[in-house]
Amino acid sequence: MSQRTFSIIKPDAVRKGHAGAILAEIEKAGFKIVSIKKVSISKAQAEGFYYVHAARPFFGELTEFMSSGPIFPMVLEKDNAIADLRKLMGATNPAQAEEGTIRKQFAASIGENAIHGSDAEDTAAFEIGYFFAGYELK
Ligand code: DAT
Ligand code: MG
C-alpha cells in the first residue's frame, strides 16, 4: 500500500553539490516527491527534530551539523516507502553501507552521512509535521 516517509538531504551533501544526484537516485527507485523545500534550521530546531537522541553523546555534534547549512527536507511516497528508503540510504555508518546505497556513494562519515530517513510510521508522521504544513502536502 502507498505510504509516505520523510527525508532530509543533509548539509554535507548540499555543500558538496550532491542534492540533484541524490534526488535522481530517489526518483529512480520509484519514489514520488510529494513536497520538497530548501531551508536552514537553527540549533534549537535541530534539537527539536532529533529530541529522541537528546541523551546520546553525539547530540551536540549532530545538532550543530544539521544547523550548519541549508538542507532539503522532503516528503516521499511509494509502496513500502519507509523501509524502502532506509534500504536505499544504506547503513548509518557509510563505511558499513552496501554498494550502490546513497550513503555509500555520497557520505563521508557516521556524523555527516548525507541523508535522513524516517524509521517507522509514527516517527514519519512526527517528522513530516515538523517541517511541513498540511497545505504543502497536497
Ligand atoms: P539514522 O540516521 O541512520 O536513522 P540514527 O537515528 O541512529 O541513524 O542517528 C541519527 C543521526 O545521528 C545519524 O544519521 C548520524 C548521527 N549519529 C548516529 N550515531 C552517531 C555516532 N556514533 N557518532 C556521531 N554521529 C552519530
Ligand atoms: Mg534515525
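Just so it is clear, glycine is given a Cβ too, placed from its N, Cα and C backbone atoms.
Please treat TrEMBL annotations as automatic predictions, because they have not gone through curation.
Annotated features in TrEMBL:
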- H116: active site, pros-phosphohistidine intermediate (ACT_SITE)
- K10, F58, R86, T92, R103, N113: ATP binding site (BINDING)
- 2-138: domain 'Nucleoside diphosphate kinase-like' (DOMAIN)
Mind checking how the domain 'Nucleoside diphosphate kinase-like' (2-138) divides into helix, strand and coil residues in DSSP?
64 helix, 26 strand, 47 coil
For the binding-site residues T92, N113, which Cβ has the most other Cβ atoms within 10 Å, all shown protein chains included?
N113
Return the residues near K10 (ATP binding site), defined as same-chain residues 6+ apart in sequence whose C-beta is under 8 angstroms from its C-beta, sorted by sequence, else 'none'.
F65, M66, I71, E112, N113, A114, I115, H116
Would you mind ranking the recorded positions R86, H116 by how many other Cβ atoms sit within 10 Å of each Cβ and giving me the lowest?
R86
Considering only the binding-site residues K10, R86, R103, which possess a Cβ situated under 6 angstroms from at least one atom of ligand 1?
none
